[in-house]
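As annotated by TrEMBL, signal peptide applies to 1-24. What TrEMBL records for 212-249 is domain 'Peptidase M15A C-terminal'.
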Amino acid sequence: MNMKVLAAILCLGVLIGAAGTCFAGFDPQKAGFSILFRDEILPYKVMGVFAMPGQVLEFRETKAKAITCESLSGQGRFEKKAEPHWAFHCPSSPGLYALLIKRNDSETRMTLNLFVMTPFSSVNNGSLNGYRIGQYPKVDKKKLPIYKWPAGFVEVTEDNRRTLVSPHFRLEQFLCKQEGGYPKYLVLRGLLLLKLEAILEEVNKQGIAANSFHVMSGYRTPYYNEAIGNVKYSRHLWGGAADIFIDENPADGMMDDLNGDGKINYRDSRVLYEIVDKLYGKKWYERFVGGLGNYKKTSQHGPFVHVDVRGFRARWGD
């Protein structure tokens, strides 16, 4: 056998084996049951959820199995309704509260990290407790409901910044890049977190090892968004967008060489782009439909992919 052909076969075998090992080593951290919360299905062992002070949240197990709910902080109040429905009365003070949900017929459980937000009305002259928010654009009646001003902001502190908001993402990954000390504030949509987890699982299925994505840009305050010259209706202002890349091998703050050509450029972000784009049209992916963009490397940043949950399909980039 030609030695070059043999080498190619051996190389292919290594790559296939690596792909299988990669996916086998990735744990999506599914809870073993799902909770219907608002209009979202939560399937993971840990998720961040967001609410306003005093708001009443309703949960139910999607297969009508009996569950038990507990507030680990002892604050707020669970109310058992007709099985398998529960309601949680949120505390009146903004902050982080852990909620535990258990299936009665098994050992499976789910932790909801509940962030009770600071109301939007607390913003004074474009600032919130000294943190620059800026001015949200006026809501044009012709614009979709997704452009309504946020109801509130998650307060991020030194103590809570590393809180998991999903199995593979932490709160601090979505902070605006503007300068300033703590507390900081952000807006974050649960649907975006669910989409990122779904994409991450698919990336690993495709044989690319990734424990998370590097979130180059998550939430942006209107103040920061204007400062960098971005469009005023960017989905980043509403916590529904993330600019991401894979940064695993090596972890150097730059997109990995996903296509194996020894270069880091838009062809690598194109690999990630195409993985995401191929999910479009699948029934389970319908709730995640949104924007998808591929961005080239510049002097300020490497290549990356933009994803969002605007609710309708949009594509751009090379």
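If you go along the chain as it appears here, the first residue is 1 and each next one adds 1.
Every residue gets a Cβ built from N, Cα and C, even glycine.
Please treat TrEMBL annotations as automatic predictions, because they have not gone through curation.
Model confidence over the domain 'Peptidase M15A C-terminal' (212-249) is summarised by a mean pLDDT of 96. DSSP labels the residues of the domain 'Peptidase M15A C-terminal' (212-249) in these numbers: 10 helix, 9 strand, 19 coil.
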